[in-house]
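*Asks:* Under the heading Zn(2+) binding site, TrEMBL lists CYS120, CYS122, CYS130. Residues annotated as active site, schiff-base intermediate with substrate in TrEMBL: LYS195, LYS248. Sequence annotations record features per position, and here TrEMBL assigns 5-aminolevulinate 1 binding site to ARG205, ARG217. For GLU233, the entry in TrEMBL reads Mg(2+) binding site. The 5-aminolevulinate 2 binding site feature in TrEMBL is assigned to SER274, TYR313.
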Amino acid sequence: MELQFKRHRRLRQSSNMRALVRENFVRKEDLIYPIFAVEGVNIKNEVKSMPGVYQYSIDRLKEEMDEIVELGIKSVIVFGVPKEKDEVGSGAYHDHGIVQEAIRYIKSHYPDIVVVADTCLCEYTSHGHCGVVEGSQILNDPSLDLLAKTAISQAKAGADIIAPSNMMDGFVAAIRKGLDESGFEYVPIMSYAVKYSSSFYGPFRDAADSTPQFGDRKTYQMDPANRREALREAESDIEEGADFLIVKPAMSYLDIVRDVRNSFNVPIVAYNVSGEYSMVKAAAQNGWIDEKAIVMEKLTSMKRAGADLIITYFAKDVCRYLQEDSVL
Ligand code: PBG
């Protein structure tokens, strides 16, 4: 009997042959780079747990923005790190708060860059939670007004996209209503619709100084064990008017990215979070992995899972890699 089998290796014989049949790509247009704007002057602070990521005061933001433009990144997501915090996160919705001023600076000097505003309270509240606190409870409905106010102040400052990340129920509806009533009908909402209560956010909390001072975020962020619940979250955000859906984190949740991709027709965004970044940087610094190959494999897998866009601290690295030949 003759052996019968398929010769899959025919299409893998050379680098150019593999390039011909490659199905998924990472492009620089797919990337959104996070920026941390800190109150103060002459500050450029490297985040300890995130080598290569810095907090900038607005007077030094030019260095970061010039590099971003030079590398060909088209979009940034802006986080604010204020000096003062209070119980109700007033800094989040102050017209001249740190994030509003950073957005204003970027839009006036780099008008073509698409600026996404992270809309949350946790960087601005003394307790570090994403909503209004009463005793040990994180209140849902009273937080919605503050979030809508935050979104409006960010849109006024020039934000092109509002990205609410605080996981209160109804946040998309409240923000959409607030934006529409203030004349921002054309400002889209990129909802962190599917956001898990994840330990992969650890390093970000160093960068944004937003660690909860008591308890955790498990009553508002999702249980990592749940899959169907992701579709319920995504569905309600679409009904409330979300224009994009974020799944976060990315790497351990690629099944969820695929589920959401298959169920909804809006652009899907994978958030390649801080812990995913730090682990790669730490291993690379030890010489244990091939950083470029690992980063491209990770990001390509997010595209393959169905993400259209990726929010990633690797955006600058990836743009450098893309200038070279043969990235996979
Ligand atoms: C704010 C927010 C967080 C992240 C993005 N927006 C922190 C959190 O929910 O604790 C995490 C980003 C990252 O880890 O890279 N709510």
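In case you wondered, yes, glycine gets a Cβ from its N, Cα and C as well.
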*Asks:* Relative to the Cα of LYS195 (active site, schiff-base intermediate with substrate), which of the recorded positions ARG217, GLU233, LYS248, SER274 have a Cα no more than 10 Å away?
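*Replies:* Cα filter at 10 Å returns GLU233, LYS248.
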*Asks:* For the recorded positions LYS195, GLU233, LYS248, TYR313, which residues place their CB under 6 A from an atom of ligand 1?
*Replies:* none
*Asks:* Whose Cβ lies within 8 Å of the mean position of the Cβ atoms of CYS120, CYS122, CYS130, the Zn(2+) site, other than those residues?
*Replies:* GLY89, LEU121, GLU123, THR125, HIS129, GLY131, SER165, ASN166, SER210
*Asks:* Can you see whether DSSP assigns GLU233 (Mg(2+) binding site) to helix, strand or coil?
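*Replies:* DSSP call for GLU233 (Mg(2+) binding site): helix.
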*Asks:* Given a separation of at least six residues and a C-beta threshold under 8 Å, show me what packs close to CYS120 (Zn(2+) binding site) in the same chain.
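*Replies:* In sequence order, the residues whose Cβ lies under 8 Å from that of CYS120 (Zn(2+) binding site) (at least 6 apart) are ALA92, CYS130, LEU147, THR150, PRO164, SER165, ASN166.
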*Asks:* I'd like the number of other C-beta atoms within 10 A of the C-beta of SER274 (5-aminolevulinate 2 binding site), please.
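*Replies:* So the Cβ neighbour count for SER274 (5-aminolevulinate 2 binding site) comes to 25.
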*Asks:* Here the recorded positions are CYS122, ARG205, GLU233, LYS248, TYR313; which one has the lowest number of other Cβ atoms no more than 10 Å from its Cβ?
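*Replies:* Lowest Cβ count within 10 Å among the recorded positions (CYS122, ARG205, GLU233, LYS248, TYR313) is ARG205.
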*Asks:* How far is it from ARG217 (5-aminolevulinate 1 binding site) to TYR313 (5-aminolevulinate 2 binding site), counting Cα to Cα, in Å?
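*Replies:* It is 23 Å, counting Cα to Cα.
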*Asks:* In this structure, which of the recorded positions LYS195, ARG217 has the fewest other Cβ atoms within 10 Å of its Cβ?
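*Replies:* Taking LYS195, ARG217 as the recorded positions, the minimal 10 Å Cβ count falls on ARG217.
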*Asks:* What's the number of neighbouring CB atoms sitting within 10 A of the CB on CYS130 (Zn(2+) binding site)?
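*Replies:* Step by step: centre on the Cβ of CYS130 (Zn(2+) binding site), count other Cβ atoms within 10 Å, giving 27.
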